[in-house]
Amino acid sequence: MFYSIVAIFVGAGLGALLRWFLSLALNEFFPAVPLGTLAANLIGGYVIGIAAVVFTTRVGLPPEWRLFVITGFLGGLTTFSTYSVEVMTHAVQGEFGWAFAVAALHLTGSFALTALGMWTARAWLAAA
């Protein structure tokens, strides 16, 4: 149990720091679509795709790695709540086009990158 807690704790901290750095570096460039939040969710989509394949095909990996990557790192990196408030802020201000655009970018981008991550992992594993 101790190693599971440490894996989640360290992963979440690293994921949250990366999300914060992405926001600092990217959000100022296009305020209508905060690119830091978008980047965090798209990176998370790609990594979860890889992780889903790796952790289902490499069953011998210690469970702490899954907790570190998925529960910890990706839990700290990706953000549904920030995405939600960014979409709703546009909607409340009557900017329905922007609200739809932000929602569509996050959803379609995350699904596409999750699929790409799964494809990437399968290709890597097949080549190994």
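For all residues, glycine too, the Cβ spot is worked out from N, Cα and C.
Feature annotation from Swiss-Prot assigns transmembrane segment to 5-25, 35-55, 67-87, 96-116. Sequence annotations record features per position, and here Swiss-Prot assigns Na(+) binding site to G75, T78 based on sequence analysis.
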Excluding near sequence neighbours, so keeping only residues 6 or more apart in the same chain, what lies with its CB under 8 A of G75 (Na(+) binding site)? I8, G11, A12, G15
Neighbourhood of T78 (Na(+) binding site), C-beta criterion under 8 angstroms, separation at least six: G15, R19, A40, N41, G44, G45
Same-chain residue ranges lying at least 6 outside the transmembrane segment (67-87) that approach it to Cβ under 8 Å: 4, 7-19, 34, 37, 40-41, 43-45, 47-48, 51, 55, 99, 102-103, 106
Three-class DSSP assignment, T78 (Na(+) binding site), comes back as coil
